[in-house]
Structure formats: structure tokens, C-alpha cells
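Report on the following structure.
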Amino acid sequence: MRKIPSIKKIKIKVIGIGAGGSTIVSEIAKNIKKASFVVTDCDKRILKKGEKNIKVIQLGEDISHGLGTGINPILGEEIARKEKEKITKILKNQDLLILIACLGGGFGSGATPVFAELSKNFKNISLGIFTLPFKFEGEKKTKIAKEALEKIKENLSGTFIVSNEKIFQVIDKHTPFKKALSILNKNLILILKDLIELISKTGVINIDFADLRTILKGRGQIIYVGSIICSGPNRTEEAIKKVFQSPFYGGAAAAFFCKNILFNISGGEDLTLKEVERISSGIYNICPQAKIIFGISQDKKYNGKVKITLIQAGEEKIKKSIRKKIVKKEKPLKREAVKEKKKTKKKRKEIRRSALEIKKAEKEEESEVLAQEKEWEIPAFLRKKIK
């Protein structure tokens, strides 16, 4: 009798880069079993022995002598480039790579772009989950983080950006600092757990790794991963609203520029066809232009509840799209001929918009889109309320 070939097990590796990334991954490793974990830094003090399933790798000992980079991303990059061979070994033979770093420091901001650059050599999906500094950490850290992010994004399949400032939308401002960071880490753990579960759990209608590859085809996409559980008589309407109202979601603009969506509906034995239809239609109405792939799974623990897990991939920025629109709107230069007088030749006048006028037009159009986004905290479909 002919044997049915076994399904290939998806290899997932989660890599924490720098002090912040290593801390987050150390927490994540306690809760997720379907992935391998690596933490890496040049600071020996950061790389403490933790969970058994975490591989600890120190880089650049001959350069930093076991110390940190002192918020110097140039030194972080130098270390990573000299350790390319070691980093390549960490990245190879994986189906899904997830890089995690808190940008704004020296090693995380300097080394992560090198990890992202080297990941392009492998035919895998590479995702990044990155936090941006609090405003109170100063402009220098914010500048370092943003410059690093620009280098990283172009080399990864998708990038999920979490601004630390958004934490104030999740918790009270008077929460003790350590507890606040722990809550932020727990949010990231849930996001990652749901992402891995989405492509590995068997359901009534399955989502698999090939579906993830489809929506994350190419490089440089901004992604959003959201998950919500709701119960009660209006659970479907509530779930659609809340999954798009997360503080980590980009608002109406993110929905408008969305290209691909992958989502899964989880429910108990009481999950109805009508609920599946309403959730699917609701997501479609929010992002009608997107390519949509969905799955359905049932679990007794969700009796009386519904859970939506969603991954969205789309445009990098609002500004880029606005810039293209303005360039298209720019009219070709008109030349106005001036009649020549005898023995006198006057230069032709050029009627053109100055750089200041172009910049003003661009700013006005950008303000218009951003004002719309502010007005639409949620898309029109949700503002009208689902009936």
C-alpha cells in the first residue's frame, strides 16, 4: 500500500536582538512551544541563562569586550557585519523568521538592519516586530529608531511597528513603569502566539503557511496582527469593531491602504453560518480592495464566544501615496511666448509652481487625509453600526 507523504513541519525561529528584544523573547519563550528561540547581544550582562528552549549567542566580544554599545548604532552595525557568518547560521534553514527588537538603542538599532539584510539570502518569510521609544526618552533615540526602521523595512517581508506611546491607550498613565512594560510585553506575546497558531492549527477551513506566503509576497510591507475574543448576543459586531480599534492598528488610513488580509474565525460548537457570513462581510466591507483569505476553527473553549485573528498587509506610508498623487496632479510647464520687438529679444517666461507651492500643496493634501483619518476613528462601515 502506498504511503501518504507526511506534511512538512514549518520551522519558525524567533530572534531577540539587543537588550529589549532579548527581554521580550525570554518572556515569549515561556508561552510558545511551536518555535525555536534565540537571543543575541554584545552585552554579556544582558545574556543571562533563561529558559531551556532559548539559545543565547554573544556577538562582538573582541570589539565591545562584553560591554554594550553606549547607544551607538554604528558600533552595533560594525559588530554585526564582522559576525555575518555567525548571524547567517542563526538565520538559515527556517521557513519563518521573526526578528524582535526595541529600536532606539545601539545594538538593536545597529545590528537588526544587518540581520534583515542577510535574511534576504534565504527563501523564507521574514517578519519584524519592533517597538519605538517613548517620547520622554528624547529626540536622539527616536531619530536612531526611525533611521534603523527605514533600513530594516525594505529587507523584510513584513514589519509590525509598536510605538511605546500607544501603551497609554491600553493602561492607565499611573501604572508603575515595570508593570507597564510587562503589559506591553504580554500584548506582544499574544500577537505572536496568535500568529503562530493561525498557520499551525487545524480547523474546519484551514489556513496554512502557503496562505501566509501569499499575503506577504515581496518585501517592505507594513503589517498589523490583531486578535479579539467577544461574547454575548452582539459578539460578531463587537469582534469586528474591536479588532480594527486596537491601539496598534493604523486607523482608517491603514484600512484604506490595505492590500491583503488573512483572518481566522474561531468559535465553539454554537458558531453559526450566519455569524461566519457577518464577520466575513464585515471585514470585506472595511477593506473591499484587499485580497482576502480566511479560515474557520472550532473549539469547545469558545462556546458562547467568537474569536477573530487577523493579519493585514499593506502600503508603507500615507505620505508616499500622497506624493504620487501630487506628482500626477502637477501640470506640465506652460510657456508663454512674448512678442519680439525690433532688435530686442526677450527671454520666454516660464510659469511654474515654486518648490514652496508644491510643498504647500503636498502638506494640504496630507493634512486632508490625516484629518479624515482622525474623523474616521473607525471606517464608515463600523460608524454606521452593523445591523
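Keep in mind that glycine also has a Cβ here, set from the backbone N, Cα and C atoms.
Among the features that TrEMBL reports, domain 'Tubulin/FtsZ GTPase' is placed at 11-203.
Panel annotation: around the transmembrane segment (96-116), residues 10-21, 24-25, 28, 35, 40-43, 59, 68-81, 84, 87, 122, 124-133, 137, 141-142, 144-145, 147-149, 151-152, 155-156, 188, 192, 199, 209, 212 of the same chain, lying at least six beyond its termini, place a Cβ under 8 Å from a Cβ of the stretch. According to TrEMBL, the transmembrane segment annotation covers 96-116.
Within 10 Å of the C-beta of GLU137 (GTP binding site) there are 14 other C-beta atoms, taking all protein chains into account. According to TrEMBL, the GTP binding site annotation covers GLU137, LYS141, ASN185.
According to TrEMBL, the coiled coil annotation covers 334-373.
Whole-number maximum of the Cα to Cα distances across the GTP-binding residues GLU137, LYS141, ASN185: 20 angstrom. Using a 10 Å radius centred on the Cβ of ASN185 (GTP binding site) and all shown protein chains, the other Cβ atoms total 18. Mean model confidence for the coiled coil (334-373) is a pLDDT of 52. Spatially close to LYS141 (GTP binding site) yet at least six residues away along the chain are ILE71, GLY104, GLY105, PRO133, judged by Cβ distances under 8 angstroms.
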